[in-house]
Amino acid sequence: MSVTVVLGSQWGDEGKGKLVDILSAEVDICAHCAGGSNAGHTIVVPVGPEDLRVPFAPQWCLLNPACTGLIGSGVVVHLPSLFSELDALAAQGLDCTNRLFISDRAHLVFDFHRIVDGLKEVELGGSWYHWDNQKWIGPAYSSKASRSGLRVHHLFDDTFAEKFRKLVEGWFKRYGKFEYDTEGEILRYKVLAERLRPCVIDCVVYIHHAISSGKRVLVEGANALMLDLDFGTYPFVTSSSTSVGGVCTGLGIPPKMIGKPIGVVKAYTTRVGGGPFPTEQLNDVGTHLQEVGREFGTNTGRRRRCGWLDLVVLKYSCMINGFDTLNITKLDILDKLPEIKVGVKYLVDGKELSGFPADLDLLAKVDVEYATLPGWNTSIVDVTSCDALPENCRKYIEYIETFLGVPVEWIGVGPGRNSMLIKEVT
């Protein structure tokens, strides 16, 4: 009677989807607990030639016909985007409408949130980049936090139109009256509500009944720990809880039901947009990681910033999330590097910091102390067992395990779904 959770341990884009793909074959329910369409996933559909991007629908339920998808209470949902996604999947032969449920407590994202997001950026002069990829997430969570937002169950309330107008007027007062068809949007959502109605459930009752009935539940946490609203590099973060705590609050389950939290770790470090990045490499190494690793955003197409693996960040992430095991991804991207560095200490004026600092001004002053490990200078893409990995590759993994005190259970050695090695954990 437990839940398996897959969480990003860095700044996102660690490649959680592949592990979730593998684990989904043996579960009954796959869930999202927080975030929205700012978290992109690319899946290869087994029918049809196109890759599809699925920010909302748990992609594992799409690829496992015996699995049910659940969008939890902590998610903010833009219904037109959700239905557009479902229609695109149906066109590829993956009709999951009857296997996808959404919490009646989930908050709604509207088109005016996009407009407000843009107005906020203009107001700030582009000086403060928040991570939400212009997907309207910040203003939607702002409405939620100010207790003025609308939830899924409000769609079926006779007072929906009145509440919607009041919500829009509130933003008009904040930013001035921008161009927006309020009445047209109300009519559109009346239609969308009827399509949504069969999917709406009480998430708390549903998931507790499922767990008590012995159903196997898999959850992918939103984004990653370093983008968490409380524990990330604030204000360069998203607007929700991306830690293991967000799983509990987003689905309505107690901590004791989480049986196995798994941390996904890219073999190097990347991040999108602005914000501190202590191990960033603005040199040939960074360019190599970016180009060989094809580090471009799923949603935005923007280049990701790249750098060495930061074990200070990972230690911090392990402390907060309590990972049982780790999945290292994209290890093959390091194949051709003669030596590999990992950040092991943050120093300020020669003194080691005891943890990851909250103060970004202090973080900007850190000097990173690196450990240098030998590379393996050979391709591992075709390796099919952990024992067959080059010695220096195994030593790299062992160094990470020893530093963090958490075993590595899965190792990604290539882009394909089958390019994942399973390592025995004792």
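Backbone N, Cα and C define each Cβ position, glycine as well.
What you see is a predicted model, and the numbers here were worked out from it, not measured in a lab.
Feature annotations, courtesy of Swiss-Prot:
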type: ACT_SITE; residues: ASP13; note: active site, proton acceptor
type: ACT_SITE; residues: HIS41; note: active site, proton donor
type: BINDING; residues: 12-18, 40-42, ARG304, 330-332, 412-414; note: GTP binding site
type: BINDING; residues: ASP13, GLY40; note: Mg(2+) binding site
type: BINDING; residues: ASP13, GLU14, GLY15, LYS16, ASN38, ALA39, GLY40, HIS41, ARG147, ASN223, THR238, ARG302; note: IMP binding site
type: BINDING; residues: THR298, ASN299, THR300, GLY301, ARG302, ARG303, ARG304; note: substrate binding site
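Local packing around the Cβ, expressed as the count of other Cβ atoms within 10 angstroms, is greatest for GLY12 among the binding-site residues GLY12, GLY15.
Proximity of LEU331 (GTP binding site) to non-local residues of its own chain (separation of 6 or more, Cβ distance below 8 Å) is seen for ALA267, ILE380, CYS393, TYR396, ILE397, ILE411, GLY412, VAL413, given in sequence order. Distance noted between the C-alpha atoms of GLY301 (substrate binding site) and ASP13 (active site, proton acceptor) is 13 Å. In sequence order, VAL272, GLY273, PHE296 make up the list of same-chain residues 6 or more apart from ARG302 (substrate binding site) whose Cβ falls under 8 Å from its Cβ. Counting every protein chain shown, the Cβ of GLY301 (substrate binding site) has 7 other Cβ atoms within 10 Å. The secondary structure of ARG147 (IMP binding site), as reduced to three states from DSSP, is coil rather than helix or strand. Candidate binding-site residues: LYS18, ARG147, ARG303, ARG304. Fewest other C-beta atoms within 10 angstroms, ARG147. Counting Cβ atoms from all protein chains shown, ASP13 (active site, proton acceptor) has 25 others lying within 10 Å of its own Cβ. All chains included, 27 other C-beta atoms sit within 10 angstroms of the C-beta of THR238 (IMP binding site).
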